[in-house]
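Have a look at the structure below before the remarks.
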Amino acid sequence: MATAPLLRLVLVVSCIGSSMAVLFSGLPNTLTVTASPAAGQVLHAGVDQIKVSWKLNESTPASADSGYKKVKVLLCYAPVSQVDRGWRKTDDHLKKDKTCQFKVTTQPYSSGGGGSFVYSVERKIPTGTYFVRAYALDSGDTEVAYGQTTNAGKTANLFDVVGITGRHASLDVAAGCFSAFSILALVFFFVVEKRKAKK
Amino acid sequence: MGDSSKTSLQVEPSDAQATRFKMPVDSEQKATEFWLFSFAAPHMKAFHLSWFSFFCCFVSTFAAPPLLPLIRDNLNLTTTDIGNAGIASVSGAVFARVAMGTACDLVGPRLASASLILLTTPAVYCTSAINSASSYLLVRFFTGFSLASFVSTQFWMSSMFTPPKVGVANGIAGGWGNLGGGATQLIMPLVYELIHHIGSTSFTAWRIAFFIPGLMQTLSAIAVLALGQDLPNGNYRKLEKAGDKHKDSFGNVFYHAVTNYRAWILGLTYGYCFGVELTIDNIVAEYFYDKFNVNLRTAGMIAASFGLANIVSRPGGGFLSDWISTRYGMRGRLWSLWVVQSIGGVLCIVLGLMHNLSAAIAVMLLFSFFVQAACGFTFGVVPFVSRRSLGLISGMTGGGGNVGAVITQLIFFTGSRYSKETGITLMGVMILCCTLPILIIYFPQWGGMFCGPRADATAEDYYAAEWSDEEKAKGYHSQSVKFAENSVREGGRRRRPPLTVPVEATPTHV
């Protein structure tokens, strides 16, 4: 009997809540996320893999995950890779936050919480220091909880990725050839000019 | 060229030479009309060769900014690295422009510009091989040298077109060249996407994309060498050997340029129209990408529209400068320059205060028109500052433009002291302040913004004063005298010379 108005209150509050911007500081840390790289390990883009697993915290009551419908796992920059790089800035408003720019996977949430994914580090991942974060999404695709492989200050358990250079020997050779051609063309015209002037 | 000296005794020299040209010419063989869609040799051909090669230099110099969101991740750049490279890209040309001015005075615009352009293309090709912040800075630095070809463009136009048309010729050549800074913001993301789509990974695709600007630069410079010519009558080397052109000395050219205060003032003010344009070319794509969260291609399109306004804005400035001078002479040119550039400054202040995407784009477009028109107006005045040292003074003004870009980026857009929007607003304030010196430019024969001309001063005196008495005795100053005659219109309507004998009167001494 007392639950009916309580339920209505919860509904109202959750409606207001979802119409406000989602703040990271407002999300509960209810997921435990682990990733296969050890702290300080160096991975190579396009070569190595990361195995990510997540589950509900043991300390969290089992009913807390009733609203979780999906899990979105992201690769995120550690603070050291954000220094003097405004385009990777952390912002409490999740819509403006640029900390986590690479999607690892989005999966349905299975009640009881367990899940894992093997991610091949893509070739577009730049050189930097990273951690893994997972957001729990509700039916409206809004973040309602999170978990990450590092601590609150983002100092522990970080790993490095070395990105590809994108360079190729063929490009270097082509650059050399075209440059030489330009210089030779100039020399050619100078010689022709000198000859004409002598005549 | 050899024929005219044989027939000069029999036929009026001006007739023999005038009939050689498709276009009508004045006593210096400079074209008195401007036919935009013609390739008539040598005047219009020179125009098309010079604006297009300059366009290619701009495309190369600003090819990196629209791709920065990729390059900064590939090379692990910081905001400081990016800012420093932006400064480097425009600082090389500061001295290169001054040197180019001298080179034009001494060896002619064709050789000077083609040499510079071909010598800087290796930097563009090598951009595909960079792998660190310092190599990024170096390639942008050396590529930026090519912007000195601006000076040869203006010099070449001033050599090919008569004073009443020099504003529009300089304006279109300069404007369509500067267009490259806008076109590249469209071209590079498109080329990148094409290559990426074909199959290259993103960190390789941007590197391949740089071969496009490199090739454009190489081919345009070769065209200048093969098809261009310095003066209506021929190339410098030939004319000097035939004795038709006196070979001036660097010392004299230098002295008469640096002692002319107007050159310094115009250099400063150009730093705050053109310099601002260069700064915006460097920062605008990243600004829109980061602040308004648009994607790479959209940011490129917005950034491009800033530079694309150059199709009409800078030529418009040159054209209006010429048009105003028909009524108000040089004083009109100076007033309009000051007004237009100051409005540009106000719009820049407003741009930094816009937080809505469409409002920001609208203000940016208006701002681009005014600031680029101011560049056109500036080069409506420059050809009249000196005749002897035209090249070096064009170089000083052009170099001043780049100094403005260096200083502005250094103060407002390096590191994280000012947010980009604050930087833009403060840049607008600086434009207003640095435009004020135009108020003190004064030509004795034509006046300044607030003072009228001196009654006894003539254009001939002004330009002849650059030559010593011995030089005048040898006739070295003949080009200057002709120029003075052709610039009589700069006095404005009231100072037109009185008409000669009315047709009705019969000569008394028949």
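Don't overthink the numbers, they just go from 1 along the chain as shown.
Each residue, glycine too, has its Cβ placed from N, Cα and C.
According to TrEMBL, the features are:
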| type | residues | note |
| --- | --- | --- |
| DOMAIN | B:46-445 | domain 'Major facilitator superfamily (MFS) profile' |
| REGION | B:487-510 | region 'Disordered' |
| TRANSMEM | B:49-70 | transmembrane segment |
| TRANSMEM | B:137-157 | transmembrane segment |
| TRANSMEM | B:208-228 | transmembrane segment |
| TRANSMEM | B:334-354 | transmembrane segment |
| TRANSMEM | B:360-385 | transmembrane segment |
| TRANSMEM | B:392-412 | transmembrane segment |
| TRANSMEM | B:424-444 | transmembrane segment |
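Across the domain 'Major facilitator superfamily (MFS) profile' (B:46-445), mean pLDDT in this model comes to 89. Listed as Cβ neighbours of the transmembrane segment (B:392-412) (distance under 8 Å, sequence separation of 6 or more from its ends, same chain) are residues 83, 86-87, 90-91, 93-102, 104-105, 147-148, 150-151, 154-155, 158, 253-254, 257-258, 260, 263-264, 266-276, 278-279, 282-283, 375, 378-379, 382, 385-386, 418, 422-424, 426-427, 430, 434.
The list of residues near the transmembrane segment (B:360-385) in space but at least 6 beyond its ends in sequence, with Cβ under 8 angstroms from a Cβ of it, reads 154, 158, 163, 166-167, 170-171, 174-175, 178, 260, 262-263, 266, 269-270, 273-274, 276-277, 280, 284, 288, 292, 302, 305-307, 309-310, 313-322, 325, 330, 333-334, 336-337, 340-341, 343-344, 347-348, 350-351, 354, 393-394, 397, 401, 431, 441, 443, 487, 490.
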